[in-house]
Amino acid sequence: MDPIALQAGYDLLGDGRPETLWLGIGTLLMLIGTFYFLVRGWGVTDKDAREYYAVTILVPGIASAAYLSMFFGIGLTEVTVGGEMLDIYYARYADWLFTTPLLLLDLALLAKVDRVTIGTLVGVDALMIVTGLIGALSHTAIARYSWWLFSTICMIVVLYFLATSLRSAAKERGPEVASTFNTLTALVLVLWTAYPILWIIGTEGAGVVGLGIETLLFMVLDVTAKVGFGFILLRSRAILGDTEAPEPSAGADVSAAD
């Protein structure tokens, strides 16, 4: 298919917005991820595994709805900054407000941490997203960068918790859980760190990259952080309820034989 014709079709559906191509692809990839997780989880009987599937399926499901809304221009507003009109997709922040706590919940379930720790993580995470949105909707550069800094500090706090408290808790659950947790945490550390960098160089910040490239990069980050995360998690034995069961020792076998 001619890519120019494909882009023209997306432009028509998206009221001439060039970024609609990437929003459409993002919608499709999120839907594929949701469907894959649903099919993979169908018939799973392990209680713990079903809990992980329930949480993880919601992540790309919510994201696909957000991307579809942005594709059709819903969740889009204009903000004037320094006399220049900027297109701001606040639907993206709505997506993150729901999906990032779910990703953290998956990690918290792996580590088996208490409710207070989970509540703290989710609360700081929500503050990170809300302050980022306030920054995106602010009309002065100083306000935008101040809120960006506030949001980034919140992100650092969340990542610190993951790399310290939760990592230690996951390590106590055995090598299978620790390995999966470390892999997922490394993925989160890399990808989540890229978000504020893209924000600051994108149209919401310094404007080094245009809205089309910015949308493409956010789409790649979102798909990897949601579908990629879920793919790694749900293929691991760490989600099964018997991961903590100790193997019988040789001495126990002898005693049983007696």
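Placement of Cβ uses the backbone N, Cα and C atoms for every residue, glycine included.
Swiss-Prot assigns Pro18 and Ser138 to topological domains bearing the same name, which places both on one side of the membrane.
By the count of Cβ pairs under 8 Å, the stretch nearest in packing to the transmembrane segment (90-111) among 50-71, 142-170, 211-243 is 50-71.
Neighbours of Lys226 (N6-(retinylidene)lysine), defined as other CB atoms within 10 A of its CB across all chains, total 27. Residues 81, 104, 107-108, 110-113, 117, 120-121, 124-125, 127-129, 131-132, 134-136, 177-178, 181-182, 185, 188-189, 192-193, 195-196, 199-200, 204-205 of the same chain sit 6 or more residues outside the transmembrane segment (142-170) yet have a Cβ under 8 Å from a Cβ within it. Tertiary proximity for the topological domain 'Extracellular' (138-141) is limited to same-chain residues at least six positions away from its ends with a CB under 8 Å from its CB atoms, namely 79-82, 147.
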